[in-house]
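Visitor: Before I ask anything, let me first share the structure, which is written out below as structure tokens.
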Amino acid sequence: MAECHPVGFQWVMEAKARGATLIHVDPRFTRTSALADIHVPLRVGSDIAFIGGIINHVLQNEKYFREYLVTYTNAPTVLTEDYADTEDLDGVFSGLDPESRIYDFHTWQYEGTEVQAASGKRDKEYSDRVQGSSGVRQAGRGEAHGSGGAEVTAQITNDETLEHPRCVFQVLKRHYARYTPEVIEEICGVPQETFLRVCELLTSNSGRDRTSAFVYSVGWTQHTVGVQYIRSAAILQSLLGNIGRPGGGVLALRGHASIQGSTDIPTLFNLLPGYIPMPHAHSNEDLDAFITAEATRKGYWAEMRAYMVSLLKAWWGSAATPETDFCFDYLPRLTGSHSTYETVQSQLDGECKGYFLMGENPAVGSANAKMQRLGMANLDWLVVRDFSLTESATWWKDGPEIATGELHTEDIGTEVFFLPAAAHTEKDGSFTNTQRLLQWHHQAVEPAGDARSDLWFTYHLGRRIRHKLAGSIDERDFPILDLTWDYPTKGEIDEPEAESVLAEINGWGADGNPLTNYEQLNADGSTVCGCWIYCGVYTDGVNQAARRKPQVQQNWVATEWGWAWPANRRILYNRASADPEGNPWSERKALIWWDAEKAQWSGHDIPDYDKSKSPHYRPPDGAQGAEALSGLDPFIMQADGKAWLFVPAGLTDGPLPTHYEPQDSPVSNLLYTQQRNPVRQIQPHPNNRYQPSGEDPGTEVYPYVLTSYRLTEHHTAGGMSRWLPYLSELQPELFCEVSPELAAERNLEHLGWATVVTARGAIEARLLVTERMTPMTIQGRRTHHVGIPYHWGPNGYSTGDSFNDLSSISLDPNSHIQEVKALSCDIRPGRRPVGADRARLVHEYQQRAGITERTGTEV
Amino acid sequence: MGVRDWLGWPLFRQLGAGDPYGRGAAAKSSTSEHLTPRTQTAQKVVKSVCPYCAVGCGQNVYVSDDKVTQVEGDPDSPVSRGRLCPKGAASLQLTTGSARMHQVLHRRPNSTEWETLDLDTAMDMIADRVIATRRQGWQWEQNGVRTRRTMGIASLGGATLDNEENYLIKKLFTALGAVQIENQARV
């Protein structure tokens, strides 16, 4: 955090100054470790085991927050008899079909009922939930599968004594029993003494009077089990009562100014604005069927129809009527995953022929950068919008494959457009930061030359396309012709008014006045709203994201600076900050509380809860939606109002986190015979070979653990940092970090050159031999890490080879995020070969390791 | 050189002014005394947000003669309290540095070089290509089930852009029937 989010880290230091204990768990010793009370180096790829060990400690030693657990989580809920755990099936859950590599999730459900997920793969239940559906089995993952079965609306069975052998709490206890301190030491390389100290510090700092927070970044998400990493922390924090309370939480520190915003208003294939799922293709699917399949019965997702209809109204205006099914059919349908990695395959297959890159540099920043470049070399046209000529703009001229002779510029038919982008100082707009806070940046100057905002580009591209298609009677053009696309523009360059777009995102009612809250949205087409969770950002026609009341003039929650979704609430699920009666768990940790006199919730933050719902409210029989949430249900987006220790729906790879080794790992899975996540997503391809793992012959060819990371002085794939003299001077070139012990083992010399090789590529880097890298003993074997920052490529002022020429496309099956934090490699002294010899070296390694197209593809 | 000049030397000034370590007034020269920071003379200060990571530090953008002259941390921000990291502090160079491109470039198929292109022409060419490729990759259905989409066009990027920009990208491309719309949040 001190490295990559240094200014946010000031608050950690502030907490430390007030007595907080800071624990840093990271394979490397970084600027964060230097300021931490304890640094715990662990082997990359072993965090589920590490957190699992703490969960086991909490359960075995009864360190959980019992009252919170029983009332606010699904710990008491009884599961179906059909559920079988990894304990029963040696590392896999019930429902696995090894042929298709898909889990049937039906056996993971609650007894006697069926709940829908608040996020994730909601379409999985389509055929169960839609009457008359043919139950079409789709090609992709996370898709409808399994046979019919009528919807059941029986009551959830709870055992508040937590004794029922099939209640979540007991299942959890059995599942984690084998995550003992001894086993943690063998898997993670963390000495038992250190591990137990972490357990002790964490549990003694959780409860009524104290809370602990977990902070993570892509070190947790970029794995074939990334979602389950986060789930591990969610389970632990729920057990300890650290969710929805000040100083608690599982906090993602994200790396781009509006990466949160681009998830909320998603430029992502599987989502519509506000986490409404993109529809998957089903027979006779209409809006009703979609809502039936995807919405919950209880909680705010029960109102999905209102959110969806308001969105369709925002996009297709007067064409979206009850008669036209609100233009639901105008939405393109998914068939499986269409993530950026499938797109690369589709480019290589010649299906995807046109590609827009808007401020992103996949030739450096995406896994298996070579596949990215080869995909682009197979396009008809490519549009790159950026500040400078990134590697993704120039690969056809000077990319690594030109140097190796694998590609020849004259043979590449891709037409490339480079359009210079405007900077944040040259346009109005909002960023959503990592804590869901929208902040407006005002335009300071006009962009020079041809530089334009992406707002300008997208608006004017759309305007031209609409003009060219005007009058078309081709049905496929109707969605584009009926689109509401009439934003006012300003100035000489006709820049669209960003605030008018914000107003549409916020939405308006039948009277045309801006809405103030998503609870005002209707399912009948009388309201318009581009992103329901952002409803209220333009309350009273005032840009709430531009509010800047100085921090010294307001309380510590600072609700008058910017605007946080939803409804300007700063801590999500904060009903959990009060006990079942509505009183703060302690004075010290008070955030919101039930004011019986006023009959409402009040406090420092805005309640993430119905303000007038008493703790004593119990829903009447047959209640639905928000009304069905009791006064004891803080988790208002969940189908049962509770924090999920066990996930009955929404995940593709299991209801509980389980330790699996990474796709490429020199280590065997000590816990189960199952080596890897059985449903991880892999894309075998001659340029995307996987390596032998564990005890497989050939593993010794790539004996070291490889990880990647960022530096303070550079930004992601370098597009906003390697072209800056200041930053390039601070971090002038690529390097790789190894321990003195590994340096001695491989004759690596500090400041000399090293070549790092995987089954995908070979890169060179200067060596930083440092004790910041800790050698570990894993299952009796000395294990070393090689660490490489991923910012570099050949362009700009500060240059170097790209880490992603080493990585493979192997993905988490839920999020489709690539595993680039835990791989294996070899390292040798000296520079890498140039020209055709570079590819030859990679091939020679593959042969020595006996790699075939099947290696590493086992279930 | 007279005695008066000698007395003007920094060491004498330091000793004479009771500032032996040269950390106060003695360190000033007549030149530095008359310098004023760009931030003081700026014609306007525009409120902004750092464009790098997602912490969202407040920035004050100083402008004179329609040029950005300095970018500083905003002390009013409850997020950052005026601080910026090395990247944020380099925002002036990011936005006004010489590495920024201001000209549209075009590489014809199989060509070895860039050529310059007029923005208006480029926009028109891109619109034509979108229309053609969209049709080429069009799928009314797959395996007998309606999909109403194009697999011909994909887009990547958005995490560095504004919410309003992401909104228009998603809206336009979805209306075009594209589903392969992605950004760094996936990566």
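We count from 1, first residue shown onward.
Every residue gets a Cβ built from N, Cα and C, even glycine.
TrEMBL annotations: computationally assigned, not manually curated.
Just lifted these from TrEMBL, have a look:
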- A:3-393: domain 'Molybdopterin oxidoreductase' (DOMAIN)
- A:419-460: domain 'Molybdopterin oxidoreductase' (DOMAIN)
- A:704-822: domain 'Molybdopterin dinucleotide-binding' (DOMAIN)
- A:119-151: region 'Disordered' (REGION)
Visitor: Check the domain 'Molybdopterin oxidoreductase' (A:419-460) for me and report the mean pLDDT.
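Guide: On average, pLDDT over the domain 'Molybdopterin oxidoreductase' (A:419-460) sits at 98.
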Visitor: Hey, which bits of the same chain come close to the domain 'Molybdopterin oxidoreductase' (A:419-460), Cβ under 8 Å, at least six residues off its ends?
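Guide: Contacts with the domain 'Molybdopterin oxidoreductase' (A:419-460): 5, 8, 251-254, 257-261, 264, 358-359, 383-387, 485, 487, 489, 491-499, 501-502, 534, 537, 543-546, 561-565, 570, 572.
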Visitor: According to DSSP, how is the domain 'Molybdopterin oxidoreductase' (A:419-460) divided among helix, strand and coil residues?
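Guide: Grouping H, G, I as helix and E, B as strand yields 10 helix, 13 strand, 19 coil.
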Visitor: Could you tell me how many residues in the domain 'Molybdopterin dinucleotide-binding' (A:704-822) are helical, how many are strand and how many are coil under DSSP?
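Guide: Taking the domain 'Molybdopterin dinucleotide-binding' (A:704-822) as a whole: 15 helix, 40 strand, 64 coil.
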